[in-house]
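Scroll down for the structure; my scribbles are underneath it.
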Amino acid sequence: MKISIYATLAALSLALPAVAQEGDAAKGEKEFNKCKACHMVQAPDGTDIVKGGKTGPNLYGVVGRKIASVEGFKYGDGILEVAEKNPDMVWSEADLIEYVTDPKPWLVEKTGDSAAKTKMTFKLGKNQADVVAFLAQHSPDAGAEAAPAEGAAN
């Protein structure tokens, strides 16, 4: 009996990081105020969900969308390199959380290039999962947030 209790506790402790990443979309909507200086969330029909800047790409539909794929947006070299090396990679909630926490290390990891640069200098120090949960609400392809296609490198 003791062994099964310990095994259950061990299994639960391994699941905690996954649970801890789940965000609160309502809190994320408020937290997104920090992001709207550069980003907007605008539906394809032109409806503004969050009016914001155009320095960064429109984040409507970002979860489940291919990396660096907003038509007409001028991306930086680092994120373009990620897209080039991982052509089938889409933004997952986990990748977005990691990226908004500190874009530079994420780019270095995904490109393998320690000199990779980002145009996004802002780092979201807390509530990342909440912001990503908010963005996922406005991402019709969020359920398609599949793992990278076979042969695609992370």
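Cβ coordinates come from backbone N, Cα and C, glycine included.
Here is what Swiss-Prot says about this protein:
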SIGNAL    1-20  signal peptide
MOD_RES   Gln21  pyrrolidone carboxylic acid
BINDING   Cys35, Cys38, His39, Met120  heme c binding site
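Features per Swiss-Prot, on structure.
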residue : record              : CB count, 10 Å
Cys35   : heme c binding site : 22
Cys38   : heme c binding site : 17
His39   : heme c binding site : 23
Met120  : heme c binding site : 20
Original post:
Given the recorded heme c site (Cys35, Cys38, His39, Met120), which additional residues of the same chain have their Cβ within 8 Å of the Cβ centre, ordered by sequence?
Top reply: Lys36, Ala37, Gly52, Gly53, Thr55, Gly56, Leu59, Phe122
